[in-house]
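As structure tokens, the structure follows; a few thoughts come after it.
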Amino acid sequence: MARLPILLLLISLVYSTPSPQTSKKIGDDATLSCNRNNTNDYVVMSAWYKEPNSIILLAAKSDVLYFDNYTKDKISYDSPYDDLVTTITIKSLTARDAGTYVCAFFMTSPTNDTDKVDYEEYSTELIVNTDSESTIDIILSGSTHSPETSSEKPEDIDNLNCSSVFEIATPEPITDNVEDHTDTVTYTSDSINTVSASSGESTTDETPEPITDKEEDHTVTDTVSYTTVSTSSGIVTTKSTTDDADLYDTYNDNDTVPSTTVGCSTTSISNYKTKDFVEIFGITALIILSAVAIFCITYYIYNKRSRKYKTENKV
């Protein structure tokens, strides 16, 4: 007979009704509610807590008391007193809000004079989805170019006078507090495998010849830069003139330009503090008191001797 209660307990655990689940996303609001089965008794108090040991609120009549750093801004209690349903709303869900929430009813019979309180509780599981999906749209664009053929004969190509102009930008030297410079060099080549035909079409060889740098086609411009240095004694502006030829040489050489240093001096003025005056006053007062004490002692001794001398003369 002792095995029967154990068997019934195991059966109730196996076939118990699972807790309802609510699934929400991060940032959403979740509304949790539960109904009580005992509709005849009088509700004394209802409560909500989160497993394992976190009390959210206690509600009695029109008063709601929050615990464990929960506030009405985070969790609102939306149930009228002594209703069959108790409801809370969790706002702006985060990953920490996920878990099992339990509601409880504390009830008493209105016709019973005893202090017996019945208890019912129901649980619901809140799932907060933290997985986010993102879609990346990649658009690829391009064009194909098929080389055009020319009907020109090799001997005709050699007789043509062809020229091409190219514009190449050399790398910019790295400088501090100097305006950006771009050295533009124009090159002219008398021998290149590009032919201009009468029809406007062009034919390009697959392996063009290297382009040589010619010094006579360089275009040199002068650049004036201003460097402003702010110090505690004022603002110093330095004007410097730099031409692109010098910049080109600076880029190719490993020489560095020495920087200009602007120095300034700061004069510190010390003021006497209240503490210093107190110390001076204390020392002066001590000297005066010492002098007064010495005077009093001397006067006392002198007066005592005078009285003694007068007494001896009277006798």
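We count from 1, first residue shown onward.
Glycine residues also receive a Cβ, built from the backbone N, Cα and C atoms like all the rest.
Features reported for this protein in Swiss-Prot:
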- 17-279: topological domain 'Virion surface' (TOPO_DOM)
- 17-121: domain 'Ig-like V-type' (DOMAIN)
- CYS34-CYS103: disulfide bond (DISULFID)
- ASN37: N-linked glycosylation site (CARBOHYD)
- ASN69: N-linked glycosylation site (CARBOHYD)
- ASN112: N-linked glycosylation site (CARBOHYD)
- ASN161: N-linked glycosylation site (CARBOHYD)
- 192-214: region 'Disordered' (REGION)
- ASN254: N-linked glycosylation site (CARBOHYD)
- 304-315: topological domain 'Intravirion' (TOPO_DOM)
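Swiss-Prot feature annotations superimposed on the structure.
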residue	record	Cβ contacts under 8 Å, 6 or more apart
CYS34	disulfide bond	VAL85, THR86, CYS103, TYR122, THR124
ASN37	N-linked glycosylation site	GLU120
ASN69	N-linked glycosylation site	none
Helix, strand and coil totals (DSSP H, G, I; E, B; other) for the topological domain 'Intravirion' (304-315): 11 helix, 0 strand, 1 coil
Confidence summary (mean pLDDT) of the domain 'Ig-like V-type' (17-121): 86
Other CB atoms, at most 10 A from the CB of CYS103 (disulfide bond): 24
